[in-house]
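> Found this in TrEMBL, in case it helps:
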BINDING   B:22, B:23, B:27, B:251, B:283, B:402, B:406  Na(+) binding site
TRANSMEM  B:12-31  transmembrane segment
TRANSMEM  B:43-61  transmembrane segment
TRANSMEM  B:82-104  transmembrane segment
TRANSMEM  B:165-185  transmembrane segment
TRANSMEM  B:197-220  transmembrane segment
TRANSMEM  B:240-265  transmembrane segment
TRANSMEM  B:277-298  transmembrane segment
TRANSMEM  B:393-415  transmembrane segment
TRANSMEM  B:436-457  transmembrane segment
TRANSMEM  B:463-486  transmembrane segment
TRANSMEM  B:507-526  transmembrane segment
TRANSMEM  B:554-579  transmembrane segment
């Protein structure tokens, strides 16, 4: 009997295999698998290897037919690993390199970059992709990371639900750009310390106030200067007019004095009216000098 | 009835007016440059020698002449000798040129002051280009402060031939600057004393604040050590002595007629010898004080740029070799570079051309003077300080005070002879004369607000006054000593101030200072003749830096005209007086 592989899926730590024989009978096998990888500190090589073990227990599950299920499954897993490894590689198609400078950004408060942070990163990327129309079903498991270095830098790709192809770079790029701010904030970083190489950051538009500020201040100072100048000029004119008036009054008085005739004791003689004089009774008239007998 | 001459409110106003005139932008942006060029601390030796030998005697001479003759420059020199009225006319012409182009600096100061009230400062960030994908190209190639100066402030054209249009922003600021000057001067020169309190004292307040701030900046000590480390071998360089003499000469503002104008409003018994010493020492002390401030700010800027450069190198290496973030620091950079070169030679050789060589000395060596220092280098340092708006406002306010103080002196030099002449003052009141003067100067000054205006400014700055002033002061000294008579002048001075004239002044006036003047004059003349075509620095927007170009012929003609128009006044007026006197003598003969 020959069995053909119909479908394989990985769901929550279980493999689900559907095999079909030439008479179209379907055989299902579900195996629990344990995924593990080496601790981050021991990562020296450029490649990470995902090691898979399958907990195969022929006693618990048995197929009606006798075939080398273990070997098939191993072959199959290697195939899938190989395909997965090919999807996420440096400079792969639709792959992006990410670079973080956590210590530069946070100094003493820097956190360690571990698998949990990676999980969070994958969640944020999946979140960004879910906001794209037609991609609402993106799961965290669709985001693959590889080549994590000490720098902290790594490559990532986003695969489609079938896990065979990666999503086109433009979609990923636009999704990341739309949510860049939120991604940055989750990690307490900014555009310079969390870099997506090949994804340019949108520069903030300049804040242009409707009236340039300098004109306002210029206007204020200009008005103050004009007011002060006018005040000074007016006061100068008034002062000069007063001076002119005083000097002209003095001139007038001098002119008047010159035009009158003789002056005695600074009283013009013309004003002395003989008629309106005052009779001095001290001086008696001739008639009254001799007293009558 | 004769009108008594107006006087200063009190002698202190006179001192402050002289200080505010002498302490100008040259103290802030020329002296630190010279100090750096000629070996820091050792430049102070020629500087002080020149101060004692040249600066103080000439300053005393001008103040004494003004106080004795009690007239503006034209009248004073005519009194000394009728043939020498031309010296006064030349002074007035030179002052007029200076007033025309000096106020544009105040206009630029206003522009920067008004723009300092923004967050962020407009010269700290480059503007975005048309489609918002990056910064403006010109700004990327140059720096954001250079871009703001050359593009936003001046909107400079590529050469002096492309005049362009009048830029309305600097034009508005120029009008405001002239209105300020008019406001201060419209009541007459003697009222300048009240304004002089502010323009003389406020810059010192700001300088002290800046000194405290500057010394506490990170990296300030680098700049100070660089400045004050004496390079004693520079003393043998004749250029150092010549530049020291020139700096003293122009810093005190001799020969413009301002000092004569100010002193003419003094009481005759005023002790101008004491005031001379005060003003000259204050002027030099301010120069040194401001160079301390300048160099601490230089040091800060140089250290900041050096550290930025290092950080860029570190980032480049970290990214290329995927090293751990934070592993590379400035201290282990060289070791790690060596290690990387040996471990990954091929990759290192790829990265090597991109690595810049960061050097603190190279950053400190960028000595700048003039408008470049004030508006490019200083603004670059200020934008990196905390609360940069405050420091920017303070700095440009100080520049404005210094500039306005000097402008008042210059305008007074032109105004006093005009108000002294009976012809004008009988027909027009004082306010109208000063108003007309400011209006004419403002209209001519609009030339400097055109796109090529900065190049014309450089022409005026370099050539309009230097040669003429040397000649004017030389003729002044010779006139007082030999035409009027040193003994006669000394006796009158002693009678006026009731204090004996020291032999030191007599020796200086008669021999040393004229010789120095002749030497300087000949040096500059030969320098101009030997250098052939005159060249200027033009801003190339495509490259983002300055390039050297030759002046076109009409610019050279203007230069020649500037120099000739002031220097020719002396012989022309002498000739004119001689001719008029001969005609009068000829006319009086038939009567006799």
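Cβ atoms are placed via backbone N, Cα and C, with glycine included.
Mind mapping these onto the model and telling me what they sit next to?
For the recorded site, residue B:406 (Na(+) binding site), the DSSP three-state label reads helix. The Cβ neighbour count for residue B:406 (Na(+) binding site), using a 10 Å radius and every protein chain shown, is 27.
Listed as Cβ neighbours of the transmembrane segment (B:82-104) (distance under 8 Å, sequence separation of 6 or more from its ends, same chain) are residues 72-76, 170, 174, 177-178, 181, 255-258, 260, 403, 406-407, 410-411, 413-414, 417, 441-442, 444-445, 448-449, 453, 456-457, 460-461, 464-465, 468-469, 471-472, 475-476, 479, 483, 562, 565-567, 569-574, 577-578, 581.
A Cβ distance under 8 Å defines the sequence-distant neighbours of the transmembrane segment (B:165-185), meaning residues of its chain 6+ beyond its ends; these are 103-104, 106-108, 110-111, 114, 153-155, 191-192, 195, 404, 407-408, 411-412, 415, 434-435, 438-439, 441-442, 445-446, 448-451, 453.
Here the transmembrane segment (B:197-220) has Cβ contacts under 8 Å with residues 13, 16-17, 19-20, 23, 286, 289-290, 292-293, 296-297, 299-300, 302-304, 385, 391, 394-395, 397-398, 401-402, 404-405, 408 of the same chain, all six or more residues outside its ends.
Residues of the same chain lying 6 or more positions beyond the ends of the transmembrane segment (B:393-415) and with a Cβ under 8 Å from any Cβ of it are 17, 20-21, 23-25, 27-28, 72-73, 91-92, 95-96, 98-99, 102-103, 105-106, 109-110, 112-113, 116-117, 177, 180-181, 184-185, 189, 192, 195-196, 198-200, 202-203, 206-207, 209-210, 253, 256-258, 260-262, 374, 378, 382, 433-434, 437-438, 441.
Long-range Cβ contacts of the transmembrane segment (B:463-486) within its own chain (Cβ-Cβ under 8 Å, at least 6 residues beyond either end) map to 58, 61-62, 65, 77, 80-81, 84, 87, 90-91, 94, 97-98, 101, 246, 249-250, 254-256, 506, 509-510, 513-514, 517-518, 520-521, 524-525, 528, 559, 562-563, 566-567, 570.
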> In the same chain, which residue numbers or ranges, 6 or more beyond the ends of the transmembrane segment (B:43-61), come under 8 angstroms Cβ to Cβ?
34-35, 37, 234-235, 240-241, 244-245, 247-249, 251-252, 254, 259, 272-273, 276-277, 279-280, 284, 288, 473, 476-477, 480, 505, 508-509, 512-513, 516
> Who sits close to residue B:283 (Na(+) binding site): which same-chain residues at least 6 apart have their Cβ under 8 Å from its Cβ?
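Spatial neighbours, sequence-distant, of residue B:283 (Na(+) binding site): B:19, B:22, B:23, B:27, B:251, B:252.
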> With Cβ distances under 8 Å as the criterion, find the stretch in B:12-31, B:240-265, B:507-526, B:554-579 that has the most pairs with the transmembrane segment (B:277-298).
B:12-31
> Which number gives the other C-beta atoms within 10 angstroms of the C-beta of residue B:402 (Na(+) binding site), all protein chains shown included?
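The answer is 29.
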> Neighbours of the Na(+) site B:22, B:23, B:27, B:251, B:283, B:402, B:406: Cβ within 8 Å of the Cβ centroid, same chain, sequence order.
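So the extra residues in range turn out to be B:19, B:20, B:21, B:24, B:25, B:26, B:252, B:253, B:286, B:287, B:405.
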> According to DSSP, folded down to helix, strand and coil, what is residue B:23 (Na(+) binding site)?
coil
> Return the count of C-beta atoms lying within 10 angstroms of the C-beta of residue B:22 (Na(+) binding site), excluding that atom itself.
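Counting Cβ neighbours of residue B:22 (Na(+) binding site) within 10 Å gives 27.
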> What is the number of other Cβ atoms found within 10 Å of the Cβ of residue B:251 (Na(+) binding site)?
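Result for residue B:251 (Na(+) binding site): 23 neighbouring Cβ atoms inside 10 Å.
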